[in-house]
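Remarks on the structure that follows.
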Amino acid sequence: MTTSPSEKTSFNIDTVANAATTPETELPWAELGLKDNEFARINEILGRRPTAAELAMYSVMWSEHCSYKSSKVHLSQFGEKVTEEMKKHLLVGIGENAGVVDIGDGWAVTFKVESHNHPSFVEPYQGAATGIGGIVRDIISMGARPVAVMDPLRFGAIDHPDTARLVHGIVSGIGGYGNSLGLPNIGGEVVFDSVYQGNPLVNALAVGVLRHEDIRLANASGVGNRVVLFGARTGGDGIGGASVLASESFDSTKPSKRPAVQVGDPFAEKVLIECCLELFKASIVDGIQDLGAAGISCATSELASNGEGGMHVELTSVLLRDPTLTPGEILMSESQERMMAVVTPENVAAFEAVMAKWDVEYSWLGEVTDTGRLIIDWDGETIVDVDPRTVAHDGPVYNRPFHRPEWLDALQADSFLASGVAEVPADLGAAVVELMSSPNMASKSWVTDQYDRYVQGNTAQAMPDDAGVIRVDETTGLGVALSTDANGRYCYLNPREGAKLALAEAYRNVATSGARPLAVTDCLNFGSPEDPEVMWQFAESVTGLADACQELGVPVTGGNVSLYNQTGGVAIHPTPVVGVLGVFDDVARSTPSGWRVDGQAIYLLGTTRAELDGSEWANLRGHLGGQPPVVDLGREKELAEILINASRDGMVDAAHDLSEGGLAAALVESSLRFGVGARIGLDELAVRDGISIFEALFSESQARALVSVPRSEEVRFNDMCTARGFEHLRLGVVDAESGALDVQGAFTLSLDELREAHEATLPKYFG
């Protein structure tokens, strides 16, 4: 194990002293992504021009990706619209590497979703792999053991020539890294839409478990405490990734950005996880920060800024893979599998012993000071002398102009049912087969089969169930459920309501599993903030999500904003991905999405309206217009209470939410989950809700779920729904003998035919 710096190349170093005497020196601030007003502000803060190293730090830390400079004025709502009741389970909120939630019995869970969109388009395998690695290190840095990951994904049109390249690379990268770490992949989404052509969305969620006393924070306190960098060596990969890739739009005329994509090593990260957990268990580190976006620039400035003093480090002590790296490149490098920690002098020997045990390289960089300054030297000469808060926290804040798009009124007036493509299909059975074989509704087993969903042995549920479920405590069965959801079409039609709908579906998915929703993380994927119409979409979505979280009583614990998701002037649909975490007293009581027992009654909970605008069926007919389904969060809460209580008390044997694809999709998915058919009647539903059989099947009305109820529990279940005043209707029974889905008077489809159609689509395009 090497603990001393590698051979360094000699450079003409731009020192602080030199910067003070050479104000005329030209610097590449624009090439590093800074605006002219931002460069002027840096000069004002420092009272001189920045050194090359300081410029590198400010450029990455003031990037859109790191500073949230265009979004933070809106994101403040997540902290403002929080009641005391919502804070009850919150141990660590927005501002740290990940939120932490109390789940009872002294256990806590930390979870977060982030994006790695732009790198995954440039270099699909490594971009996706390091997206998993980065979010897992966020979880480690909170003091937790990672226990699962999820991956909400969006690609362009399934038949576009470039989609196969992206799908193969991204799915392989996620599976290759996550499987090597030994982390189950318990859920996510796979959506295909031409609006994501050239801008795939690769969002990654990780969850970890820890005891309350094990929580760790990112701060550097205690004058004289040592600062150490450990893990992989620093190389040239990922230099400027935060500013070059994640903070500007793509332009095909610009040179290749492959060098800005990080390269990951999951086996090095696996060792790093165990190494960190041993450090935490022995209380050897006082503060810790993972190195992700902006690398050492971020770690040093955030640790110092969050602490009580300052920091002084020697950059030549950094272990390098490439000795030709300049100081600025070392500061900006986003090489993976690295951590920075603060260690008391008394714990130095213990720290080194743990490093030796795990054969992890490390280098002592410096110490915590009382100066309030972040000072970085290169071979004894100062190249950075800044107030760390100006780098990490007090960057520019833009209240960018925004306005409602002029075209939106016409779009919202163009309802599907009033359009010329809304003809009711003559053969409803064929329509169901068409729906379930469409790219978005087809089985995603081609993807999920490449992931290990059950490694570690604590997975109680995973895709295709509504939520992923993980056991936390083997003795009591205490566990958590997670679901991620978003619908870009809904948000395009109405960003505020679309964001509410994303939360409502994720909340509902957690409840159908039987867990009680507790907290939220979000990844807000949008186009350029410099476009006032995109900024309006963003502002509306954030307001809608914040309001919905308040109404449902679930706080946002943290997340990510990904802007500039557009090629040229074409932006993606606004896509706020929402992750909801819920808790089980015992995961053994979790409810799967498919029925299993012959003769059980099948009930539909909720009201169905003629709501097909933005639906999957409308999408298949090439239509996008109108208003998304009405969201009634009060009804969502009532539905969740019914589902949670019914699951806990053994009143339901299966539960599946209704969302994309409506009742048709839910019936097929519940039947195919365990290969058990059903006999269904829709006439009473059509009469009760004043809709046609076609609308009953394909409407995407919200606050609905399908459940199967044992005959012995029907009276109790009906009484509960009636007492709560919630709409419920017996549609039919589970039929284990027929091997078919029989919707009486409409169609009968064998499960073999449905399964063949459902599972053939992705292999057809991707092999």
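Here the Cβ of each residue, glycine as well, is placed from N, Cα and C on the backbone.
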| query | Do you know which of Ser562, Ser590, Ser593 Swiss-Prot groups with Ser115, His116, Asn117, His118, Arg137, Gln262, Glu334, Ser335, Gln336 in the substrate site? | reply | Ser562
| task | According to Swiss-Prot, Tyr68, Lys112, Gly559 bind ATP; so which of Asp36, Asp151, Asp522 is the extra one listed there? | result | Asp522
| request: Let me know how many other Cβ atoms fall within 10 Å of the Cβ of Lys112 (ATP binding site). | output: 26
| query | Any idea what DSSP makes of Lys112 (ATP binding site), helix, strand or coil? | reply | strand
| Within 10 Å of His65 (active site), Cα to Cα, which of the binding-site residues Lys112, Glu114, Arg137, Asp290, Gly559, Asn560 are there? | Asn560
| field | Residue, out of the recorded positions His65, His116, Arg137, whose Cβ gathers the largest set of other Cβ atoms within 10 Å | value | His116
| message | Around the ATP site formed by Tyr68, Lys112, Asp522, Gly559, which additional residues qualify by having Cβ within 8 Å of the site's Cβ center? | response | Ile94, Val113, Glu114, Thr521, Cys523, Leu524, Val556, Gly558, Asn560, Val561
| remark: Ranked by how many other Cβ atoms lie within 10 Å of their Cβ, the binding-site residues Asp290, Glu334 are led by Glu334
| request: Filter the binding-site residues Ser115, Gln336, Asp522, Gly559 down to the ones within 10 angstroms of Asp138 (Mg(2+) 2 binding site), Cα to Cα, kept in sequence order. | output: none
| query | What same-chain residues, at least 6 away in sequence, bring their CB to under 8 Å of the CB of Glu114 (Mg(2+) 1 binding site)? | reply | Gly131, Gly134, Ile135, Asp138, Asn203, Ala204, Leu205, Cys523, Gly559, Asn560
| Just checking, which of Ser115, Asn117, Gln336, Asn560 (binding-site residues) has the fewest C-beta atoms within 10 Å of its C-beta? | Asn560
